[in-house]
Amino acid sequence: MGLNKSASTFQLTGFPGMEKAHHWIFIPLLAAYISILLGNGTLLFLIRNDHNLHEPMYYFLAMLAATDLGVTLTTMPTVLGVLWLDHREIGHGACFSQAYFIHTLSVMESGVLLAMAYDCFITIRSPLRYTSILTNTQVMKIGVRVLTRAGLSIMPIVVRLHWFPYCRSHVLSHAFCLHQDVIKLACADITFNRLYPVVVLFAMVLLDFLIIFFSYILILKTVMGIGSGGERAKALNTCVSHICCILVFYVTVVCLTFIHRFGKHVPHVVHITMSYIHFLFPPFMNPFIYSIKTKQIQSGILRLFSLPHSRA
């Protein structure tokens with residue numbers, strides 16, 4: 001198979017049939033974009049500069065915030081360009097790079113949530129050994145493994161995109177590049193590119209979810225063995241924020257997968273809207289979840305803006 005010699009650009013798509021409303025759709029998406037940047041940026045700033053937050057739990061939270069920022073910064077510039085400027089053209093190289101980062105960061109987010117579940121598991125099940133198990137070095141190693149696993153797992157299918165000829169329509173179905181959209185336009189044998197992502201989905205994302213699920217069964221079993229009701233509530237509260245983030249991420253994954261697999265007769269705009277929800281809702285919600293449910297983050301925000309706060 002030779003290097004791709006077909007036309008060098010793809011055409012991105014906003015909301016088909018709603019082109020006259022693109023400027024209005026741009027406004028809430030821009031607001032969400034700014035909120036995500038501010039929310040996750042604030043979390044990263046707090047964790048970096050507040051010594052009270054220099055603990056494994058918050059280092060993992062910083063990884064989640066950085067991943068969410070990465071997803072947003074990768075997808076939203078082309079979305080806003082399409083909606084406001086009608087800038088639909090994107091080169092093959094830029095498109096494939098965008099697809100690589102979008103899919104890598106999605107797998108990485110699943111890995112970070114698994115790492116956070118491990119942190120919660122150690123906190124509840126082995127509190128006396130917590131500091132000896134989750135040292136700064138160990139946290140760094142976990143972060144590198146999560147990043148490496150995600151980056152290497154996505155690379156094979158994206159590398160192959162550079163070699164496919166594209167002789168069909170060059171119009172993509174979203175305002176950003178996704179692997180599954182691009183391969184539909186290829187005039188070549190795409191069997192590997194169809195099957196490999198399914199393997200990644202089951203071997204990584206689904207496996208991550210199952211490990212998280214069973215770890216929380218063990219956590220719940222430990223918590224239920226605590227005699228005091230107050231201590232049980234305190235122990236559960238330790239992991240409430242993480243549980244909320246897990247639900248936000250995996251529910252959107254399940255909904256998006258369901259729509260793509262079984263929604264053949266669903267209007268295309270529903271597919272597009274669900275994609276935006278999948279990529280924007282978790283990064284938008286995660287900072288709010290941790291700000292509302294975690295007292296240390298609340299205190300850090302109040303200190304950042306020099307507001308008096310109760311120590312109760």
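One-based numbering along the chain as shown.
Positions of Cβ are set from backbone N, Cα and C atoms, glycine also.
Worth saying up front: this structure is predicted, and the values here are computed from it rather than measured.
Per Swiss-Prot, ALA235 and GLY300 occupy the same side of the membrane [matching topological domain names]. Cβ neighbour counts within 10 Å, taken over all protein chains shown, single out CYS95 as the most crowded of the disulfide-bonded residues CYS95, CYS187.
Counting Cβ pairs under 8 Å to the transmembrane segment (272-292), the top-ranked stretch among 53-73, 98-118, 195-215 is 53-73. The transmembrane segment (195-215) shares more Cβ pairs under 8 Å with 98-118 than with any other stretch in the list 24-44, 53-73, 98-118, 138-158, 236-256. In the topological domain 'Extracellular' (74-97), helix, strand and coil residues by DSSP number 18 helix, 3 strand, 3 coil. Highest Cβ pair count under 8 Å relative to the transmembrane segment (24-44), across stretches 53-73, 98-118, 138-158, 236-256: 53-73. With helix defined as DSSP H, G or I and strand as E or B, the topological domain 'Cytoplasmic' (216-235) counts 16 helix, 0 strand, 4 coil.
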